[in-house]
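S.K.: Below is one structure. I have some questions about it.
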Amino acid sequence: MELSVGGEYGIVIDAVGAEQFAWLRERAYAGWVLIMDEETERYCLPRIERYLGSTPLVKIVVPAGERHKHLDTCKFIWEEMFRGGVGRRWCCLNLGGGVIGDMGGFAAGTFKRGIDFVQIPTTLLSQVDASVGGKLGIDFYEVKNSIGLFANPQAVWVDAGFLGTLPEREIRSGYAEIIKHALIADEQQWSELRDIKDIRGLDWPAVIERSVDIKRQVVLKDPFERGIRKALNFGHTIGHAVESYFLHREDRLLHGEAIAIGMITESWLSHETGDLSAAALDDIRDYCLRVYGHQHVPEASFPVLLDLMRQDKKNDTEAINFTFLEKPGEAVVNKTATADMITRSLAYYNSLGS
Ligand SMILES: NC(=O)c1ccc[n+]([C@@H]2O[C@H](COP(=O)([O-])OP(=O)(O)OC[C@H]3O[C@@H](n4cnc5c(N)ncnc54)[C@H](O)[C@@H]3O)[C@@H](O)[C@H]2O)c1
Ligand SMILES: [Zn+2]
């Protein structure tokens with residue numbers, strides 16, 4: 001199955017194999033750079049290694065994890081590219097999760113003013129979200145994705161087979177973006193997901209395809225996030241703040257776990273200050289709690305969370321911006337909420353745990 005992104009590149013949803021590499025070989029690159037982290041080298045490289053053939057190859061392995069999505073790691077990547085004799089007519093293959101996709105794409109998109117790259121996302125989050133939409137970058141001064149660029153890959157190869165080695169907690173985390181995509185744009189998928197008791201039994205290629213398609217359509221309408229693309233921020237205003245707050249604690253949350261809290265609180269705001277019905281709020285709340293459980297958010301953190309939301313780069317003014325739901329499957333952008341309402345939404349969330 002292949003989804004075209006505005007005729008510019010294709011998202012292939014299939015096992016990565018001879019077909020994709022034949023396509024790549026036809027493009028007659030001078031060589032390939034394969035960027036991965038230590039984990040994806042171990043778990044994912046074996047799935048594609050046999051297709052690499054005799055094309056000149058520069059393999060670059062970096063340490064795994066968000067804290068390495070950093071300029072120092074990029075410098076290492078660029079150095080290795082220079083040392084390997086990589087030129088303008090080479091292509092980078094980014095084999096890994098969102099960290100490798102964002103950073104490998106950034107390294108490629110800036111090397112010698114930009115060389116081609118292909119995304120081979122290996123986590124659920126990167127398959128349905130990070131690998132589509134052209135946003136590339138690294139963290140700087142502890143601010144996520146603060147240095148980067150927009151650039152499209154030559155292709156995205158989404159192979160659900162990679163998920164076989166991904167820890168279950170990472171799968172559940174990525175699944176939050178699937179819930180989000182359904183809630184903002186696909187009522188039908190939302191109602192199907194709600195009936196699923198155990199996500200381990202899901203038909204991943206089918207679920208991923210539908211979810212990627214939502215993201216694809218949104219970014220096609222608004223590639224540079226001036227309007228409707230902000231719909232993708234649903235659950236992320238409060239969710240990001242909660243994620244940052246828990247980052248420095250023992251019980252740190254994965255991205256999707258924080259986004260689940262964001263989706264519940266922002267649904268509450270959508271109901272209290274907007275059009276979302278009480279029944280829809282209850283459904284979203286129940287489903288997110290069923291999949292993610294409940295994590296108490298200390299009341300003492302509320303002012304810190306508000307500060308974090310105010311600093312969020314997406315806020316041009318004092319008011320805190322939100323994407324709300326009008327109903328499942330329909331989002332509305334450029335909404336705002338007061339500090340008092342946000343505090344109340346967090347108190348509502350905490351009350352669900354008792
Ligand atoms: N560009 C975008 O539009 C966009 C969108 C959403 C998120 N992101 C970015 O994505 C990043 C998070 O991505 P992520 O959740 O994929 O994290 P990640 O890349 O750190 O991967 C999570 C962990 O899983 C390991 N791993 C990856 N694939 C594996 C596999 N198949 N089997 C076993 N282990 C595997 C990795 O080595 C890593 O340790 C963040 O930096 C975020 O900013 C970008
Ligand atoms: Zn997200």
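Count begins at 1; order follows the chain as displayed.
Using the three backbone atoms N, Cα and C, a Cβ is placed for every residue, glycine included.
According to TrEMBL, the domain '3-dehydroquinate synthase N-terminal' annotation covers 60-172. Taken from TrEMBL, the feature domain '3-dehydroquinate synthase C-terminal' covers 174-315.
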S.K.: When DSSP states are grouped into helix, strand and coil, how many residues of the domain '3-dehydroquinate synthase N-terminal' (60-172) land in each?
M.R.: 50 helix, 34 strand, 29 coil
S.K.: What is the average pLDDT across the domain '3-dehydroquinate synthase N-terminal' (60-172)?
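M.R.: That region's mean pLDDT is 95.
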S.K.: Per DSSP, what is the residue count of the domain '3-dehydroquinate synthase C-terminal' (174-315) in each of helix, strand and coil?
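M.R.: Reading the DSSP string over the domain '3-dehydroquinate synthase C-terminal' (174-315) gives 106 helix, 0 strand, 36 coil.
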